[in-house]
């Protein structure tokens, strides 16, 4: 077999292995469960966290209560997101799923954001929401929107900018499942105008085609309150 043939076979082999790696948001579990702990004592390192000794695992490692309770929404955007992920249910580690409760005040919104590691499926429990997502540059940045009522479900594809806004006359509540134990969140406005350190205003001025004074004003508003 020639070197050229070997190279072609090697490339084909790598391509054959690539799709499964690209499709999965989270690593596949290597055992029944891997309850995450923050110390290597009495544990082994698997899939990004140390695993608790299986003999020490209890039902509480897979449990959290209180998600039925309303959350306060007295903030600038009028919403509150309560995450249920690997950080508060250690048993979710390696299982590739998480949950959030979102409370919306009247006129409140969950502002434009992305989840870099997860697809989201949203269920409206109470109220009326206007939701949508924007496709990537290659798809022409198309906007898909829908008004959802109680019992309706909507899906936000992985990594795309999306939002929800309460358009009803009363507070609203939604629950969302995400295809990652730790999906991450990038809130667009906070990230761009509240970064540490601040992005050079000249960069944002060109990106948004705004007066530099407007950029500076936005950066001031999005800096954490001390």
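Note that Cβ sites are derived from N, Cα and C of the backbone, with glycine treated the same way.
TrEMBL annotations:
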- 1-24: signal peptide (SIGNAL)
- 34-51: disulfide bond (DISULFID)
- 65-216: domain 'Cupin type-1' (DOMAIN)
- 110, 115, 120: oxalate binding site (BINDING)
- 113, 115, 120, 162: Mn(2+) binding site (BINDING)
Legend entry - oxalate site shell beyond 110, 115, 120, criterion: Cβ within 8 Å of Cβ centroid: 100, 113, 114, 118, 122, 156, 162, 176, 178, 183, 185
Legend entry - Candidate recorded positions 34, 51, 120, pick with smallest Cα gap to residue 113 (Mn(2+) binding site): 120
Legend entry - Protein Cβ atoms within 10 Å of residue 34 (disulfide bond), excluding its own: 27
Legend entry - Mn(2+) site shell beyond 113, 115, 120, 162, criterion: Cβ within 8 Å of Cβ centroid: 114, 118, 133, 156, 160, 161, 183, 185
Legend entry - Spatial neighbours of residue 162 (Mn(2+) binding site), counting only the recorded positions 34, 51, 110 and Cα distances within 10 Å: 110
Inset, instruction - For the binding-site residues 113, 115, 162, work out the Cβ neighbour count at 10 Å and name the residue with the minimum. - result: 113
Inset, instruction - Would you kindly give the Cα-Cα distance separating residue 115 (oxalate binding site) and residue 34 (disulfide bond), rounded to the nearest Å? - result: 23
Legend entry - Count of other CB atoms lying within 10 Å of the CB belonging to residue 120 (oxalate binding site): 22
Legend entry - Separation of alpha carbons, residue 51 (disulfide bond) and residue 120 (oxalate binding site) (Å): 26
Inset, instruction - Ten-angstrom check, please: count other Cβ atoms within 10 Å of the Cβ of residue 51 (disulfide bond), all chains counted. - result: 23
Legend entry - Local Cβ density at residue 110 (oxalate binding site) - other Cβ atoms counted within 10 Å: 26
Inset, instruction - Express the distance between the Cα positions of residue 115 (oxalate binding site) and residue 51 (disulfide bond) as a whole number of Å. - result: 25
Inset, instruction - Provide, as an integer number of angstrom, the distance between the C-alpha atoms of residue 110 (oxalate binding site) and residue 51 (disulfide bond). - result: 34
